[in-house]
């Protein structure tokens, strides 16, 4: 698909390397495209390797296998069997949950050790060690044996560990991959033994030396000249470490250590250190004095042996590495990441960006507004704030700068909007799927609850960029430089179908998350095949064949109750009713379209595909593969191109999922330790005592903890940790569980744009060539409504469309439910508890925008800013005020109950009147040309 692009400023797009980037439709003289620069910047930020040759092939094979494995699980579950014509059902076996989870993590470990180097030699320790050889040369001379020996050791260590250029797999990586594979192999082949050990303890299993000798005996069956007696003596003489330890214990301990190392490589030392401390605590926490102030509660656990710690963390699906977070990754997270990868590789990402420009580019501040829309669209593809920022920002940030926005503001807009992708339905961040599992609600309920806060957030950023454009006199883009919205939709409307189907499956058909994602994935593959095969010459034969096969299938179901293939092979039975037959054909329509379209591609491999423009990564992969095979002419073959699209999507999905899988595996250790040590109840009591019985204070503790933890780890990990630590304490206040978990999720996302470690903002500054810290300040300021809104919906659940079930016991499993149509008709409830709070929140973000930007219709003075801020707080979360006062009075034993809906409405009314009066006065002053009574200092309005 080709379309007129948004205009760009060729001089503005850059990465930390010195490459210059221009949009894909820029003049041909450009050396690189924005997509290429974005990929390079993401690799730089995530410190990934850029591999070639056999290592790249290994990544491809493992990644495709990983994705194929997950696709099978989504389609068929844990049972592996095939239905073959004339043969019938062919059973290949089945797997248990622990085995599936183990394979899932093992794939991620293998990719981690391939994609992420152990060290580049640029750390503090490496720098210190590098000074040893020069010091020895100075002291003893270059030819001294000591110096030569040290130089040899240095060379060996570099060969073994270092990858300074991030372009080679080191020997230590290969060793770690072998150990990871052995651990998974043990799960697959010795599961009966594992089940016994889970009941009896790991110390009752075979020793390492016994397993080693058993392996040699197996080898001896195929090597008749092998002297087993010699092997036994050699094993005894070598004195192998842990030879008499349980083999299951050794593999489990190594597995946990591998997860920690993978965590260090992908997510940094911060998370690895936290998880490591929890593991040490599980073993030695009992040594903490029980009478110590505050922390004494942490010592109230039983002494646990290392074997029990490893058993609970490695051979357990309820807690530990393979606990709930990894189970959610297996069932939900990976398949949705794969959905996003297929959508992105199809070219949908660039189309969505162009769609945003077509819709808003001509308006005041159009480029910034397009950035907000594009980031929201891309949020349906990528759940990563960094990837979203860099991918979208490569196009949007240069244009924002060209039209007059400051570099820091442009980067802040992109980072702020991109961080919202994780809270925007229908495809939210991975943490949203964890919410489904942790509190047991349908994903459709999470979508409904998250919709209003997400819209409020993006509306708030939209208001601020509009006010900044008005203040700075920034207009839109000339219409001649943009494609019209109608023509753009006409050429790429099909990209909207997968998202529509996903919403239908989740909300309309109420299918499970995994099934919804699987059916949508099949639809994407079939849709792109159809578009690839579609042109003026093939349209009628293509569509006619699809319709004909669908009709034949319908008749077969109607008469024989099975498919045409089933009927021809004698598997027919009783016919179906017309409605049931039609439903069966609709379920197979994706496969029919896929088959017909692919055969059309094979029949006409060089025909034109006017509506399809794959992502640049697909074209590059096709050219590389055909060139390596010595058949470069195949790069123009559409069937080869489609095959490359599928393979590249599967590999990209695996690459994207790898850090997420490692994150949830590591984070699962923390709730595992809390559960197995029995720390949970005591920790809840401690937190409630610190909060002093105040919900507002507890929410503040949660918010601050989320931001601090989120500065060094992904949102998913922050969510898991805080749900384990603070979730029970929040639930003690009878807060709706869904609202409480969304609260934690929101503040985990805020950490991505909160200085000093604002990873999304720093990624945007790399594109904008702006000051990273100031870009982070701008991003946080633009996202201030994301700070207030979570407090608002916890205190007033109607904002997230939750209603307390009348007459239900507070201790019941379900105290709140999603608002339904009958609730909307109940005006006595809906107006004061849902409609007015939602309207108040939207008005509040306008007042907040005037506070942050310092402009509404004209400049706003400092005093007026303070009043606008007060109006924003009263409109958005008046409960913060009276709950805080109630808590303060409670400290002096004055128990006053302020939490009434009447007081909430009264304060919102005061806020509305105050905002209206300020806005009216500001508008009158703008019309008269008068200056504000207290002038804002230069630059203050740009905060």
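Glycine is no exception: its Cβ is also placed from the backbone N, Cα and C atoms.
Residues or ranges marked as compositional bias 'Low complexity' in TrEMBL: 13-33.
Residues or ranges marked as domain 'TRAP C4-dicarboxylate transport system permease DctM subunit' by TrEMBL: 254-599 (among others).
What TrEMBL records for 646-806 (among others) is domain 'TRAP C4-dicarboxylate transport system permease DctM subunit'.
TrEMBL lists 1-39 with the feature region 'Disordered'.
The transmembrane segment feature in TrEMBL is assigned to 55-80 (among others). Residues 49, 91-97, 100, 103-104, 107-108, 110-111, 114-115, 168-169, 330-331, 334-335, 338, 514-515, 517-518, 521, 647, 650-655, 657 of the same chain sit 6 or more residues outside the transmembrane segment (55-80) yet have a Cβ under 8 Å from a Cβ within it.
Positions annotated as transmembrane segment by TrEMBL: 240-260 (among others).
As annotated by TrEMBL, transmembrane segment applies to 267-284 (among others).
The feature transmembrane segment is assigned by TrEMBL to 332-353 (among others). Nonlocal intrachain contacts for the transmembrane segment (332-353), taken as residues 6+ away from its ends with a CB within less than 8 angstroms of a stretch CB, comprise 1, 3, 6, 24, 35, 67, 70-71, 74, 104, 370, 374, 377-378, 380-383, 391-392, 395-396, 427, 430, 433, 436-437, 443, 488, 492, 495, 498, 502, 513-514, 517-518, 520-521, 524-525, 528, 612-615, 617-618, 645, 648-650, 652-653, 656-657, 660-661, 664.
The transmembrane segment annotation in TrEMBL covers 493-511 (among others). Here the transmembrane segment (493-511) has Cβ contacts under 8 Å with residues 339, 343, 346-348, 351-352, 380, 426-427, 442-444, 447-448, 517, 519-520, 523-524, 527, 531, 611 of the same chain, all six or more residues outside its ends.
Feature annotation from TrEMBL assigns transmembrane segment to 517-534 (among others). Beyond the transmembrane segment (517-534), the same-chain residues lying 6 or more positions past its ends with a Cβ under 8 Å from any Cβ of the stretch are 71, 74-75, 332, 335-336, 338-339, 342-343, 346, 494, 497-498, 501-502, 505, 511, 542, 589-591, 593-594, 597-598, 600-601, 604, 607, 609, 611-612, 638, 641-642, 645-646.
Within its own chain, the transmembrane segment (580-602) is flanked in space by residues 519, 522-523, 525-527, 529-530, 532-534, 538, 541-542, 545-546, 549-550, 553-554, 557-558, 563, 638-639, 642, which lie at least six positions past its ends and keep a Cβ under 8 Å from the stretch. As annotated by TrEMBL, transmembrane segment applies to 580-602 (among others).
Per TrEMBL, the feature transmembrane segment maps to 656-674 (among others).
Among residues of the same chain six or more beyond the transmembrane segment (686-709), those with a C-beta under 8 A of the stretch's C-beta atoms are 294, 297, 717-718, 721-722, 725-726, 729-730, 732-733, 735, 743-744, 747-748, 750-751, 754, 787, 790-791, 794-795, 880, 883-884, 887, 890-891. The annotation transmembrane segment is assigned in TrEMBL to 686-709 (among others).
Under the heading transmembrane segment, TrEMBL lists 716-733 (among others).
Feature annotation from TrEMBL assigns transmembrane segment to 784-802 (among others).
Summarising the annotation, TrEMBL assigns transmembrane segment to 866-885 (among others). Long-range contacts of the transmembrane segment (866-885) within the same chain, counting only residues at least 6 positions beyond its ends with a Cβ under 8 Å from a Cβ of the stretch, are 694-696, 785, 788-789, 791-792, 795-796, 840-841, 843-845, 847-848, 850-851, 856, 860, 898-899, 903-904, 907-908, 910-912, 914-915, 918.
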Can you give me the average pLDDT across the domain 'TRAP C4-dicarboxylate transport system permease DctM subunit' (254-599), rounded to a whole number? 88
